[in-house]
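The block underneath contains the structure these notes are about, expressed in structure tokens.
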Amino acid sequence: MNVQKIMVIGAGQMGSGIAQVCAQAGYRVLINDLKQEFVDRGLAVIKKNLSRQVEKERMTLEQMEEILSKLTPSTDLHDAKEVDLVIEAAVENMEIKTKIFSQLDEIAPPHAILASNTSSLPITEIAAATKRPEKVIGMHFMNPVPVMKLVEIIRGLATADEVYQTIEDITKAVKKVPVEVNDFPGFVSNRVLMPMINEAIFTLYEGVASKEAIDEVMKLGMNHPMGPLTLADFIGLDTCLYIMETLHEGFGDDKYRPCPLLRKYVKAGWLGRKTGRGFYIYE
Ligand code: CAA
């Protein structure tokens, strides 16, 4: 399938990164959010990232302008009427996502693929909110999107082979590596990552070591770029809790029980970098 125009829903950390890499690959991109100020903020982040590439002489000013010209701001979901692909990167909430997908199903042209960047919600359930479940798929980018190589592609129960193939081709076109997975809670990435982060929090909770020591062990001992507690702050502790709850509910196994300390931090509003405080304090 020939995809030329993409709408990215959500101009936050993930959405702006996805819009950036799609524009860099030459696609025309509508960057959509509820309010103009959210879209402007997302565009400003993209501009800052690209300016850095220009400063480092990896890109010319003309190339940057060309990429920016591919991006069109949008605050109206009805703009989806002229796109070939929607990549939804709104908040991780099933009610909100199903509402967006049922609206998109009415608005987007019949050939359009509806993809979700969800990090753990069932694609099959999101697809069931539409009359085109065969055209619904998971396209899970990693944070920070411009840097991380992986896109986990999740097949819902009804996802058509040609839809999977199109998304795999687009993933390669945006210079990422596709990995195919099936639709189970947490997919592969968060089913493996989040219990490790949760266990690191239990280790802190039980006083086995300090937060710095836990992070140092995993950074230097396992060659992870960030320790698990630093990574949890980077992802957002609310997101980590939400994913653990999805795993716990989905599998019903005690090994996925969120650590009480994680719950406590989230209740305190200490959500990590984005709020200036999580396991660490950020200026
Ligand atoms: N946006 C764009 N570029 C960024 C960036 C951002 N937010 N953060 C860092 N970079 C770029 C920097 O510009 C720099 O690029 P150059 O080398 O070209 O100058 C490069 O990344 C390295 O950055 P730094 O030197 O500042 O710092 P670093 O070497 O410590 O790397 C990092 C930063 C890439 C974030 C690295 O620490 C890392 O890989 N951390 C782990 C990230 C990770 O695990 N992500 C997955 C999270 S889980 C997820 O996303 C799924 C989910 O569903 C929860």
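Including glycine, each Cβ sits where the backbone N, Cα and C put it.
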Fill in: Binding-site annotation, TrEMBL, NAD(+): partner of GLY10, ALA11, GLY12, GLN13, MET14, GLY15, ASP33, GLU92, LYS97, SER119, LYS274 in ASN2, ASN49, ASN143
ASN143
Worksheet item: How many helix, strand and coil residues does the domain '3-hydroxyacyl-CoA dehydrogenase C-terminal' (186-282) contain under DSSP?
Response: 67 helix, 3 strand, 27 coil
Worksheet item: Per residue, counting other C-beta atoms within 10 angstroms of the C-beta, which of the binding-site residues GLY10, GLY12 reaches the highest number?
Response: GLY10
Worksheet item: For ASN143 (NAD(+) binding site), what is the tally of other C-beta atoms lying within 10 angstroms of its C-beta?
Response: 16
Response to the item:
A correct count of other C-beta atoms within 10 Å of the C-beta of LYS97 (NAD(+) binding site) gives 20
Worksheet item: Considering only the binding-site residues GLY12, ASP33, LYS97, ASN143, which possess a Cβ situated under 6 angstroms from at least one atom of ligand 1?
Response: ASN143
